[in-house]
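What follows is one structure encoded as structure tokens, with my remarks underneath.
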Amino acid sequence: MISKLQAAALAAVVTLPLALTGTAQAGATFDGVKQKGYVQCGVNLGLYGFSAPDDKGKWTGLDVDVCRAVAAAVFGDSEKVKYTPLSAQQRLPALQSGEIDLLARNTTRTLSRDTANGLNFAPTNYYDGQGFMVSAKLGLKSAKQLNGATVCVLPGTTTEQNVADFFRANKMNFKPVVIEKNEELHKAFFSGRCDALTSDASQLAAIRAAETQNPNDYLILPELISKEPLSPAIRQGDDEWANVVTWAFFAMVQAEEKGITSENVDASMTSPDPDVKRLLGVTAGNGKALGVEENWAYTIIKQVGNYGQSFERNVGAGSKLKMPRGQNALYTEGGLMYAPPLK
Amino acid sequence: MSKLVQALNSARVRGWLYQALFVSGTLAVGWYLVSNTLTNLSKRGVATGFGFLNREAGFEIGESLLTYAASDTYLKAMVVGLLNTLTVSAVAIVLASILGIVIGVARLSSNWMVGRFAAVFVETVRNVPLLLQLVVWYTIMNRLPSPREALEVVPHVFLSNRGLKFPTFVEHAGHGWAFLALVLGIVGAVLVVRYGRKHRETTGKPFPTLPLALASVVLPPVAVFVGSGAPFAFDVPVLTGFNFEGGAAVSPEFTALLIGLSVYTAGFIAEIVRSGILAVPHGQTEAGLALGLSPAHILRLIILPQALRVIVPPLTSQYLNLTKNSSLAVAIGYPDLVSVTNTSANQTGQVVEAVAMMMAVYLIISLCIAGFMNWYNRKVALVTR
């Protein structure tokens with residue numbers, strides 16, 4: 001106990017925000033958000049397609065849309081969000097300490113984060129997997145040909161462990177080069193310091209689209225070596241807040257399944273389908289149960305769009321990334337996106 | 001009553017009172033921060049404690065002095081990181097000192113070119129942020145050719161963007177004996193230097209210290225090496241697949257960090273050396289000349305002993321800065337203590353413990369350096385009677 005205290009005494013200096021949060025405010029995130037009048041949302045420092053400021057300085061992306069959907073549900077206005085750009089290392093302490101209300105920053109849902117780190121996860125908004133990108137010149141076809149390779153790895157994620165696991169499982173060796181800053185890491189890879197760059201496949205596609213002259217010079221190998229269910233996260237201890245975040249996302253998925261888009265949502269208000277009526281609040285009940293306005297889902301669809309629209313706009317065909325829907329298609333189309341009944 | 005007032009007015013009581021208030025205030029604030037952190041962590045269900053150190057780390061480290069694999073513990077991983085920090089700091093301290101002394105003396109040179117060059121060097125490296133310099137050095141390293149087009153500097157030594165690959169000796173029993181002979185030789189050299197000093201002090205006559213000391217260091221290991229049949233076998237690097245196998249390597253990350261730290265700190269050390277030399281009045285040199293001493297003797301016997309007492313204290317700060325600056329390694333991918341600990345913290349989520357450990361380790365390293373330098377400072381300080 002003593003050593004723990006001494007260690008904490010040292011650490012207290014650097015984690016002053018955590019120490020000064022005060023003990024009274026635990027829980028009740030939802031009340032706090034309503035009182036402030038905006039959602040404080042933790043996002044990536046800049047990951048094209050997921051959360052990055054556009055040329056007008058407005059945050060856009062698949063993760064940003066989760067923040068906007070929650071704000072739309074709570075306040076009826078998707079713009080009532082304040083963004084906190086966070087590095088991989090900063091993100092968990094920022095959420096734990098109460099600095100942010102919601103973390104939508106391509107964060108993989110894992111057991112230890114769900115337990116030891118004191119987090120709760122909302123439904124996965126992007127099913128990803130870790131892959132390898134190599135120069136097309138090498139003529140590689142499979143990640144299993146990477147024995148002896150030097151691999152550039154971004155720290156602060158499960159990435160380092162996954163790549164070590166993959167090479168151990170296949171009885172191969174590699175040398176990691178771990179650089180904290182994205183730009184420097186990508187520069188090291190593109191200058192040839194590493195044979196391969198490893199990250200989530202979506203990120204590799206984003207890097208290839210944004211940072212190469214000719215994207216065809218680089219190849220993303222077919223193996224995905226991990227499951228990366230990227231999910232928004234909240235602190236433990238406020239179940240009402242967890243409900244709002246969870247169902248705000250499910251509403252977007254449900255809207256896609258029902259074919260309701262931001263363009264036709266007004267026309268859908270007169271739909272005879274009881275599911276649609278409940279979703280859009282024509283039949284009251286869902287809003288009261290969540291503690292928000294009855295038209296909460298209508299506002300989300302009107303202002304942010306359904307999940308399919310958000311996907312295409314940010315990472316799909318309508319973006320530079322051109323990611324296929326794959327696992328992120330609706331379950332009706334062979335994907336994993338499935339919203340439980342909203343009733 | 002009047003006695004109490006009297007007591008409160010006495011300087012001694014007041015002094016005690018203020019100190020007691022200050023100490024208890026500091027302790028109270030510290031206690032509040034610690035207990036509040038622990039309460040908040042447990043309230044949010046965040047695990048605390050150092051149990052994670054014994055769990056499997058599960059990640060690889062790019063370079064290591066020990067044999068390390070992903071199946072080793074977090075503690076071992078951090079030790080590997082610590083050794084990497086100590087290696088780069090120790091080598092950089094030596095290089096920075098040598099370079100700093102050379103540049104510092106050069107800046108005092110009466111040769112216009114040499115003096116100007118040293119001045120430009122100092123002003124440039126001192127005034128550009130270290131992080132930028134590191135990135136520049138690293139970018140230069142990465143501009144080297146790929147392993148398949150590696151430059152063969154001398155036979156079997158390859159320079160590429162994977163670093164400098166060079167052959168190593170295949171181990172042989174004779175090497176151990178030669179090393180032992182080297183250690184004994186160094187001990188012998190120290191004895192020679194001591195005897196030489198005593199001889200000079202008692203007789204006033206010079207003694208050929210340098211040649212004898214050198215001979216003592218060089219001759220015994222060479223004799224043993226040749227005597228044991230001169231076992232020469234090399235482990236030569238060979239290009240296979242992605243990279244060279246065999247031999248040993250100095251990585252681009254290490255090199256970039258080493259050059260960056262050495263050059264940056266050398267700029268400051270140069271100024272410290274210059275100030276130390278300028279602090280010795282010119283009259284001392286003239287007095288030495290008048291006594292008929294040679295310029296080399298004047299520098300060694302008169303200028304340096306007096307300059308050192310000015311140089312050593314600020315030099316200590318530079319060594320401490322260099323060691324702490326080595327944590328910028330994370331920017332260019334050298335797996336130092338901070339890099340490895342960051343990874344551990346991210347995987348376990350126990351940031352408070354990890355940061356506390358890093359702070360404690362840097363504190364200990366810094367106190368050790370400061371302790372050694374203070375001892376050295378007392379040794380070279382001017383003794384006034």
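Backbone N, Cα and C define each Cβ position, glycine as well.
Those TrEMBL annotations? Automatic predictions, nothing curated.
Note that this is a predicted model, so its numbers are computed, not measured.
Now, the feature entries from TrEMBL:
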type	residues	note
DOMAIN	B:82-370	domain 'ABC transmembrane type-1'
TRANSMEM	B:16-34	transmembrane segment
TRANSMEM	B:82-105	transmembrane segment
TRANSMEM	B:117-140	transmembrane segment
TRANSMEM	B:176-195	transmembrane segment
TRANSMEM	B:207-234	transmembrane segment
TRANSMEM	B:254-277	transmembrane segment
TRANSMEM	B:289-312	transmembrane segment
TRANSMEM	B:354-376	transmembrane segment
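Counting only same-chain residues 6+ beyond the ends of the transmembrane segment (B:289-312), those with a CB under 8 A from a CB of the stretch are 272-273, 275-277, 279-280, 373, 376-377, 380-382. Within its own chain, the transmembrane segment (B:354-376) has Cβ neighbours under 8 Å at 78, 82, 85-86, 89, 312-313, 315-316, 319-320, 323-324, 327, 337-338, 341-342, 344-345, 348, counting only residues six or more beyond its boundaries.
For the transmembrane segment (B:117-140), the partner stretch with the highest count of Cβ pairs under 8 angstroms, out of B:16-34, B:82-105, B:176-195, B:207-234, B:254-277, is B:254-277. Listed by sequence, the residues of this chain that lie at least six past the ends of the transmembrane segment (B:16-34) yet keep a Cβ under 8 A from its Cβ atoms are 8. Within the same chain, residues 207, 209, 212-214, 216-221, 223-225, 228 sit at least 6 positions outside the transmembrane segment (B:176-195) and bring their C-beta atoms closer than 8 Å to a C-beta of that stretch. Same-chain residues lying 6 or more positions outside the transmembrane segment (B:207-234) and placing a CB less than 8 Å from one of its CB atoms are 156, 167-170, 172-175, 177-182, 184-186, 188-189, 192-193, 195-197, 199-200, 247.
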